[in-house]
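Peer 1: Swiss-Prot lists these features:
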REGION    1-383  region '3-dehydroquinate synthase'
BINDING   Glu186, His270, His286  Zn(2+) binding site
ACT_SITE  Glu259  active site, proton acceptor
ACT_SITE  His274  active site, proton acceptor
ACT_SITE  Cys844  active site, for EPSP synthase activity
REGION    881-1071  region 'Shikimate kinase'
BINDING   Gly886, Met887, Arg888, Ala889, Ala890, Gly891, Lys892, Thr893  ATP binding site
REGION    1072-1284  region '3-dehydroquinase'
ACT_SITE  His1189  active site, proton acceptor
ACT_SITE  Lys1218  active site, schiff-base intermediate with substrate
REGION    1297-1579  region 'Shikimate dehydrogenase'
Amino acid sequence: MLVKVPILGRETIHVGYGVRSHIVETIVGLKSSTYVVINDSNVGRVPYFQELLSDFEAQLPAGSRLLRYVVKPGEANKTRATKEQIEDYLLSEGCTRDTVIVAVGGGIIGDMIGYVAATFMRGVRVVQVPTSLLAMVDSSIGGKTAVDTPLGKNFIGAFWQPEFVLVDIKWLQSLPKREFINGMAEVIKTACIWNADEFQRLETHADEFLHVVNTPKISEKEGFQLYDTDIESIKEHIFKLVLESIKVKAEVVSSDERESSLRNLLNFGHSIGHAYEAILTPQALHGECVSIGMVKEAELSRYLGILSATQVARLSKILVAYGLPVSKDEKWFRELTLNKKTPLDTLLKKMSIDKKNDGSKKKVVLLETIGKCYGKSAHVVSDEDLRFVLTDETLVYPFNNIPRDQNKTVTPPGSKSISNRALVLAALGKGTCRIKNLLHSDDTKHMLTAVQELKGANISWEDNGETVVLEGQGGSTLVACENDLYLGNAGTASRFLTSVAALVNSTSQKDHVILTGNARMQQRPIGPLVDSLRNNGIKIDYVKNEGCLPLKVHTDSVFKGGRIELAATVSSQYVSSILMCAPYAENPVTLALVGGKPISILYVEMTIKMMEKFGIKVEKSTTEEYTYIIPKGHYVNPAEYVIESDASSATYPLAFAALTGTTVTVPNIGSASLQGDARFATDVLQPMGCSVTQTATSTTVTGPPVGHLKPLKHVDMEPMTDAFLTACVVAAVAHDNDPTSKNTTTIEGIANQRVKECNRIEAMCTQLAKFGVRTNELPDGIQVHGLHSINDLKVPSIGNEAVGVCTYDDHRVAMSFSLLAGMVNSEQPNSSNPTPVRILERHCTGKTWPGWWDVLHTELGAQLDGAEPLELNSMKNAKKSVVIIGMRAAGKTTISRWCAAALGYKLVDLDTLFEERYGHGMIKDFVSQHGWEKFREEEARIFKEVIENYGDAGYVFSSGGGLVESSESRRILKSFSKSGGYVLHLHRDIEETIMFLQKDPTRPAYVEEIREVWNRRESWYKDCSNFSFFAPHCNSEVEFQNLRRAFTKFIRTITGVTTVDIPTRRSAFVCLTFENLTEYTNSLKAITYGCDAVEVRVDHLSNMDEDFVSKQISILRASTDGLPIIFTVRTKKQGGKFPDEDYETLQKLLITALKVGVDYIDLELTLPIGIQYKVLNMKRNTKIIGSHHDFASAYPWDHSEWENRYNQALAMDVDIVKFVGMAKSFEDNLMLERFRDSHTTKPLIAINMGAHGRVSRVLNTILTPVTSEHLSEVAAPGQLTVAEINRIYTEMGGITKKDFFVVGSPIGHSRSPVLHNTGYSVLGLPHHFDKFETTSAEEVKKHLLDNKANLGGLAVTIPLKLDIIKYMDELTESAKVIGAVNTVIPLGNSKFKGDNTDWLGIRNSLVSNGVPESVSGLSGLVVGAGGTSRAAIFALHKLGCQKIFIVNRTTEKLEELVKFFPEEYNIVPIKEAEEAEAVNETIGVAVNCVPADKPLDAKLESLLERLLLKSSHTHFVSTLVEAAYKPSVTPVMKLAKDKYQWRVVPGAQMLVHQGVAQFETWNNCRAPFKAIYDAVTEI
């Protein structure tokens, strides 16, 4: 099997299967002294490559030599640097002009090695041996060669034709399935632009291809996965698709080698595809992006009126059939690309960098039909048209550019109703039926897929996809399918297929069929149909919610027939469903419609007429109304069946004519139509003032002059219910000449429209209101009150904010409002900047008329544009609320207050809100009167209301413990969390909770025991929440404050208020391998000294239960002051204790980590990809560390294993890469450092374990894993403490000893030296802190600033805080505003920065004692007016105090203080008791800055007492910080605490906090706070 394909006049492309010997013969036929085989290390592992190499060596000509060069794999190595290394190798080996280079590999190798050949010795011969499908059909052919640059891919290269391209299909046997499928994009592309026959052949073989490619055998060799795909079984198909694709490219290249015109046709799908690829790489592959690009560019061709909707549908279908994405929003593709956004402006910017472009004009290849491009080169397209195609939100501009004499003919697509019925009838019928004008839409796509899945008929296509051919087997081949039948939002398909499923036969593996759909489909009713089928012997289960999909239809039950009664007042489709399947029942069927007049009876008559066309005649009962008699039998398929155009869809172009005063003709719908909606023109538009001409087969409408439509007083639209939406938008601008008239159009007979894709009546009322149109909802209809003038139509808005028209994912809502949107401002003169109307979710029109927007734009002349989704803009401003759920006594009340304080949110207790709404007592009173069921119903209603109104408004909702008892409340919780809201499950030890609840008399008693309640609710709490916090019972004030700080950090982190910042400096984390952290809480602070994070090794915990693990995380948070946590589950093969194959438990643990909001998760790169991407897509604000360990020391640092793992980590877009090797010698550390230097794309933790590897831990730059002297054993071989690392690094010259001083006078009792030297000692730093006593700033400058080369910094105290400023080159904001410097920071080159950390001492003292980081809405108090008072005012302003009250013994200084600060600080001096009494604000924080060595002034004390009383209504305990270090309890502290129950913080804390701030600023590392505090405060 070998075919030679000519290109540029020579047969240099050879295509075969298993042609290894031919490849070698062909290469050695190129006479040379030197052959150089270049490949990457991945290809080098493939057995077929080794065989090729062996053959090459065996056949090497005498006197010739074979050289080999292996490059690192991946796009990251397709660089000028790699090219240079290859060239240096060739030169070092003495290669000359006669060298033949053989490039064996995929596109990266082919491109780069081709470029090497093009430039080495000014050009040497090259042979391409492509090993991937993409390389075989694309990159290896045509002579394009290149390398990447930091600014873009393939920017530097040359055209250099290879001597041969030797394609051996057998290589594909070892290709990973995703790479295989990726290559199919280029194969489909070439068929699409050039070869219609090959495209049709590809359509036919898609299923078998995907089955084979999806089921490879996978083996592992040295940690590398080897694929073995059974391409032998589809060899002919694979060979043909590769060959035909190559032929197309070869022909095009031969005609246009340098890509001046024709060759750029090969870029179909690439203009848009490359733009997506630029954003989504490396997660998305080239072919995947090109696949999306092809669909978008085909849609653009359709939008411009060039390509038919059928052809777009074919292209989309074949791409899906071969496993490729057709939209970036497909769930699997979105998860694969980690939910990356593709902003519209970014896409257009990326598209502007394209070699096809004409300067700034963007060019795109357009498609005329499958197999043929439009023209011979790419075409210029406008940004406006591109924006439209690239987005799902449409801007409709005023229709003021439509000529009033415009006369258009519009042919709508085939009827959805008739299309779906025809497919069912033909699938059940016997014989071949050619169905023409079938609607190509989402609905029919789902129906066709279902027919194929159920083996109902053989389906093929003719007339280039315009005709579908069904070869029916009379229903005998219907069998249960393996997969669920997913029907999207296709209501018609779901109802028809429910009855079809009743006729399906079981297989040996399956005895049921599952029918399911999207979220909306799972809300739409199907109960009456199910009830009738159940009563007739069919066993059907509701999988989820009663009365809705998903359904489980058991195929071992029998459709008995006989009399069937059906309630048909909701949907006529129930009737049609049973009618069409009735002939196949065991007995003749009598179908009686009960419950009142059936809805949409014309659709029932349509079904009966169609059944007659297929050979079954239904008789109407002569004795019972609405009763039908269906005989037993089989359908006989007519040879041809032509689908009539959709009459519902025809209403839109006809209404366009009515609204714009133009003429539109629909040529194939008239009075003889099967469809009731054909009456729309005569029954609705004509009475409203339109001129209507209708024949048996056509309808023409001419509208009156714009603004002259008349309201329709009453119309019964029961025969054409789907058309009522169109009537509503026409009625919106219809008015009488009477200015007192309400211009009311009344529409009735449409009750069924409430249960369509959405509640359409409610939808029209809601959306019309946005335009300023009033409506009334009727029991079975709607009243629309038309505007007096068309100029009164408003651009939709809520308040002053423009909003989009919501379409509810409903095609008819979208198409209707696309018409009204264009009438807004349509009578205004053309404006250079008109305001368009935004329509959301435009793609929903694909359900019945995918090309509607194209018709509106291209045929009817509307100006449309695309726009970035509103949600991207609104989400930035939204403050997603927090709902806290959990059992009573879980701490919800307390923690809800903390939550509100931490976020600055408003707090609402839902139980309290219920009681306020109830107004007659407490919840227990309501329950006593109405019962629990009614309470849950009302509770859910109120909850729904608050979420709808305040879910994005920054609230904390504290819920009752039983909120989750209601299924409706659970649905709301899940929906809220899915939309980005925070549902926090708060829990604690259940045994302690039970003990507490048994003593609580304040709530209504439960009938069940509390434990049973917990057992029932536990799973609900977990299912409904997206975050979880374990709140242990606190036994002391210290534990309580620790818990508060831990929770505050947790809630601020998960909500994104504070971010997890990856350190950019030298940093470390300590590894904890305890079985239970509870036993070590007192030592955890000491263990974590100097660390920037703490790792909990979950694989070492004694219990893997979710609650236990959650408790461990909370304990760790509270015991380490919220130090960032690294959550690690280390598997055995990666050096841990967790079982390697227990992936289910591992995934649960990782999801638990995300729910408890850990800062980092260590994610092993060897885990299954499904687990990895689940975590990556759920991570929110958690950072991911992609880790890989080589305990066996199997791979030196220059081995490709590390390169592959690094590329894998990049593709996963982890936040940090962590690689750990095992050093055998010191040289291993040097190799590691070379690796570190060349891999800087992501933050990298790279170390060697073992005694030889210790130096690598010292040299590692960020987050080095460390142990502690307080731990009994190390977590890994060779671990060092922070102090050991610093000491070794100092000895190596990495840290230079610095001297620090406290300057001022008197400083004899200063605790600064003790403070700082303790920190240096604990952390192993070489620095020293001393005293320099002086009252002269000049002395400080002379002896320290000018002459101390190793000066590390100065702590400045009185009297120098002002005098030192003149010697500072820079001042921080705090130093400027406070007007004093207490910290000097050397900048180098004899320059210094002045800072003030006194304010941080105050702020951090408050925050560490329970005050939120933001106290927005509260006020503060400062006692005193000296220098420290200025720091206090600055601190309270930074905390967010809305007002700062100041009091002092002498009032003169108060005015000076007020003038000192900017006006926005809102400082209010209090001088008299009356002023203090008049204060209405809540004071939550205070700082005392008056000296403590003398009694408190009486007047000052009186003022202070009055102000301390103003502390109610805070979400935290009001807190006062004392600035004086001694005594430990001052008079102000005693007053505040004992008399007014304020929390007081002694001055020692402020002293230490400000000193620690200095320490961390100077040394750029975390200070050991507790050790320092203990040293400073010891007597």
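Counting begins at 1 with the first residue displayed.
In case you wondered, yes, glycine gets a Cβ from its N, Cα and C as well.
Locate each feature and note its surroundings.
Peer 2: As a whole-number mean, the pLDDT of the region '3-dehydroquinate synthase' (1-383) in this prediction is 94.
The secondary structure of His286 (Zn(2+) binding site), as reduced to three states from DSSP, is helical.
Annotation note: Glu259 (active site, proton acceptor) sits in a coil segment as assigned by DSSP. Of all Cβ atoms in the shown protein chains, 19 besides its own fall within 10 Å of the Cβ of Glu259 (active site, proton acceptor).
Within 10 Å of the Cβ of His274 (active site, proton acceptor) there are 22 other Cβ atoms, across all protein chains.
For Cys844 (active site, for EPSP synthase activity), other Cβ atoms within 10 Å of its Cβ number 22. Cys844 (active site, for EPSP synthase activity) falls within a helical segment according to DSSP.
Around the Cβ of Met887 (ATP binding site), a 10 Å sphere holds 24 further Cβ atoms from the protein chains shown. Under the DSSP three-state reduction, Met887 (ATP binding site) is assigned to coil, being neither helix nor strand.
DSSP assigns His1189 (active site, proton acceptor) to a strand in the three-state reduction. A 10 Å cutoff on Cβ-Cβ distances gives His1189 (active site, proton acceptor) a total of 21 other Cβ atoms nearby, all chains included.
With a 10 A radius on its CB, Lys1218 (active site, schiff-base intermediate with substrate) counts 26 other CB atoms from all the protein chains.
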Peer 1: Look at each of the binding-site residues, His270, Arg888, and point out the one with the fewest other Cβ atoms around it within 10 Å.
Peer 2: Arg888
Peer 1: So which one is it: of the binding-site residues Ala889, Ala890, which has the fewest other Cβ atoms within 10 Å?
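Peer 2: Lowest Cβ count within 10 Å among the binding-site residues (Ala889, Ala890) is Ala889.
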Peer 1: In angstrom units, rounded to an integer, how far apart are the Cα atoms of Cys844 (active site, for EPSP synthase activity) and His270 (Zn(2+) binding site)?
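Peer 2: Cys844 (active site, for EPSP synthase activity) and His270 (Zn(2+) binding site) have their Cα atoms 26 Å apart.
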Peer 1: Which is it, of Gly886, Gly891: the one of these binding-site residues whose Cβ has the most other Cβ atoms within 10 Å?
Peer 2: Gly886
Peer 1: Cβ distance under 8 Å to His286 (Zn(2+) binding site), same chain, sequence separation 6 or more: which residues?
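Peer 2: Expected: Gly107, Leu134, Asn182, Ala185, Gly273, Glu277.
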Peer 1: How many Å separate the Cα atoms of His274 (active site, proton acceptor) and Glu259 (active site, proton acceptor)?
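Peer 2: Per the Cα atoms, His274 (active site, proton acceptor) and Glu259 (active site, proton acceptor) stand 17 Å apart.
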Peer 1: Residues near the ATP site, Gly886, Met887, Arg888, Ala889, Ala890, Gly891, Lys892, Thr893 excluded, by Cβ within 8 Å of the Cβ center?
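Peer 2: Once Gly886, Met887, Arg888, Ala889, Ala890, Gly891, Lys892, Thr893 are set aside, the remaining close residues are Gly961, Leu986, Arg988, Thr993.
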Peer 1: I need the nearest neighbour of Glu186 (Zn(2+) binding site) among the recorded positions Gly886, Met887, Ala889, Lys892, His1189, using C-alpha distances.
Peer 2: His1189
Peer 1: Might you list, by sequence position, any residue in that chain lying six or more from Thr893 (ATP binding site) with a Cβ less than 8 Å away from its Cβ?
Peer 2: Asp909, Ser958
Peer 1: Within a 10 Å radius around the Cβ, which one of these binding-site residues has the most neighbouring Cβ atoms: Glu186, Lys892?
Peer 2: Glu186
Peer 1: Which recorded positions from the set Glu259, Gly886, Met887, Arg888, Gly891, Lys892 come within 10 angstroms of His1189 (active site, proton acceptor), judged by C-alpha positions?
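Peer 2: So the list reads none.
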Peer 1: Measuring Cα to Cα, tell me the gap between Ala890 (ATP binding site) and Lys1218 (active site, schiff-base intermediate with substrate) in whole angstrom.
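Peer 2: Here the two Cα atoms lie 38 Å apart.
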Peer 1: Compare the C-alpha of Ala889 (ATP binding site) with the C-alpha of each of the recorded positions Glu259, His270, Lys1218, and give the closest one.
Peer 2: Lys1218
